[in-house]
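*Asks:* Dropping a structure here in structure tokens format, bear with me for questions.
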Amino acid sequence: MKTLLKLELKKTRLWPCILGGLAVVAAALALGGMFLAIGHTSGRSDPRLSSLAFVLQMAMVILLVGFSLVAAALCNLVFIDPYTGRNLALTLSCPIPRDRILLAKLIFVGLFTTLSYLAGTAITLTVLLLVDRLVGSLGTGSPGSLFGQVLLMMVTSLAGLVGLVGIALSLGFWRRSLPIMFAVLLLLDAVVGNLLSLSPPLSALVLLIIFLASLPAWWLLHRTLMKIELP
Amino acid sequence: MKVLEADGIVQVFEGREVLAGLDLTLGQGEILGLLGANGAGKSTLLKILSGMQRPVSGRVRFLGKPLSEGYPGSLARMGVSINEPVFYESLSARENLEIDLAYLSLANAGHRAVESAGISQLLEKVGLTADSATAVGRYSMGMRQRLALARCMGHHPDLYLLDEPLNGLDPIAIGQLRDSLRNLAAQGSAILFSSHILSEVLHTADRVMVIAGGRVSLRASVPELLSKGQEGAEQTLIKAMEG
């Protein structure tokens with residue numbers, strides 16, 4: 001499996017995804033900073049805006065939406081490109097059992113997405129917390145409960161990432177269309193992004209539902225790729 | 001020893017019968033030229049023989065075993081180039097061959113060791129040494145064909161399935177390819193290749209099979225065909241291609 005993963009790494013042009021990940025972190029920092037600034041201004045109509053937990057939650061929503069787009073772009077390179085058009089002959093001429101190849105691809109995408117999401121989240125939250133401390137903290141609750149909320153959001157966001165990308169990828173692959181995949185993903189991101197401004201437990205529930213809803217989509221994709229043959 | 005046996009191959013696309021009960025055998029060291037008009041089903045047959053497409057009915061045996069049971073592991077003992085050669089376009093020829101040989105090494109455990117040190121020799125053999133570091137996306141059709149051949153030869157397969165390998169090659173490269181195929185056959189590999197260039201098929205192959213309307217319209221040995229002279233042989237082949 002290690003060799004298969006190395007080969008996936010060699011075959012895939014990762015730099016656009018790495019740049020995309022950096023852009024997502026920059027966007028999360030910019031928008032998180034904006035929420036932080038709003039929190040420090042007086043005369044707010046919504047008291048939630050004065051809460052550090054809310055600022056972090058918003059930053060994590062941006063990270064989730066952004067990294068779902070990055071993961072989808074990577075899925076295009078790893079799943080859609082090799083299994084469509086002329087590239088299909090190249091993929092199917094590989095003498096390795098298809099289930100092993102698919103597993104390697106899944107692990108590859110999963111590892112890259114998880115690591116980049118966790119790194120991006122760590123950077124964003126650390127910077128926002130440092131800025132918050134520097135300008136006078138918004139934090140009202142205990143650090144322990146804030147940490148718990150962030151951890152819950154991170155875990156469920158990862159599940160949500162798997163769900164969002166799985167549904168979009170399956171629909172995109174079904175029509176062999178990259179625009180359809182991104183259109184579905186943007187639509188889901190828009191809906192989920194808005195729902196995630198709910199309380200953290202409700203957000204976690206939404207993400208878990210998305211994850212569970214994606215399992216049949218992942219299964220259908222796997223079945224299609226296992227049976228695919230040259231036209 | 002029979003390397004490849006196909007029996008009663010039928011393939012249907014959108015209600016049209018592309019192959020209608022086609023039989024074929026290919027022994028060790030044999031070169032079979034596959035001819036047919038455009039759309040006759042040559043590429044379809046090669047895809048089925050490689051295992052990358054399943055026929056509606058019929059059986060294929062590779063090295064005495066059903067292909068359906070051996071695929072995709074069987075590809076480790078085949079050199080396959082079907083349709084236009086496809087590569088990882090952003091990578092160089094050397095990197096492409098390294099990836100192919102790495103997959104073959106994984107699949108080939110217990111069969112034949114694949115030496116990555118041989119990549120330079122392979123590239124030299126097909127005349128791509130000078131361009132080995134260039135991204136394949138910038139290659140001409142002829143260079144892609146030569147790289148496809150290098151990829152096929154990398155693991156000394158028992159069977160070569162080559163779909164129009166002469167496409168895009170200049171006369172010198174065609175001559176070199178002919179010599180390469182002859183050498184490979186002399187070393188025991190079985191070769192099945194399709195082409196539209198009748199004279200080259202007659203120069204390279206031991207036997208010729210012509211497909212027309214999804215059926216075999218002619219099977220003949222090359223000496224038998226050439227007994228009528230080059231022109232007579234080509235006339236016979238054209239007539240068979242017309243069905």
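Using the three backbone atoms N, Cα and C, a Cβ is placed for every residue, glycine included.
Per TrEMBL, the features are:
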TRANSMEM  A:12-38  transmembrane segment
TRANSMEM  A:58-80  transmembrane segment
TRANSMEM  A:101-130  transmembrane segment
TRANSMEM  A:150-171  transmembrane segment
TRANSMEM  A:178-196  transmembrane segment
TRANSMEM  A:202-221  transmembrane segment
*Asks:* Using Cβ distances below 8 Å and needing 3 or more such pairs, separated by at least 6 in sequence, tell me whether the transmembrane segment (A:202-221) contacts the transmembrane segment (A:12-38).
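*Replies:* Counting Cβ pairs under 8 Å (6 or more apart in sequence), the transmembrane segment (A:202-221) does not reach the transmembrane segment (A:12-38), since there are fewer than 3.
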*Asks:* Other than its close neighbours in sequence, what residues sit by the transmembrane segment (A:101-130), given a CB gap under 8 Å and a spacing of at least six beyond its ends?
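*Replies:* Cβ under 8 Å, 6 or more out: 1, 4-5, 7-9, 12, 14, 17-18, 21, 24-25, 28-29, 32-33, 36, 52, 55-56, 59-60, 63, 66-67, 70-71, 74-75, 78-79, 91, 94, 150, 154, 157-158, 161-162, 165, 222, 225-226.
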*Asks:* What else in the chain is close to the transmembrane segment (A:12-38), if you only count residues 6 or more beyond its ends and a Cβ gap under 8 Å?
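*Replies:* Beyond its ends, the transmembrane segment (A:12-38) has Cβ neighbours at 44, 49, 54-56, 58-60, 62-63, 66-67, 69-70, 73-74, 77-78, 108, 112, 116, 119-120, 123-124, 127-128, 131-132, 135, 138.
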*Asks:* Using a Cβ cut-off of under 8 Å, list the residues of the same chain at least 6 residues beyond the transmembrane segment (A:178-196) that approach it.
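*Replies:* For the transmembrane segment (A:178-196), the far contacts come to 57, 61, 64-65, 68-69, 72, 75-76, 80, 160, 164-165, 167-169, 171-172, 202-203, 206-207, 210.
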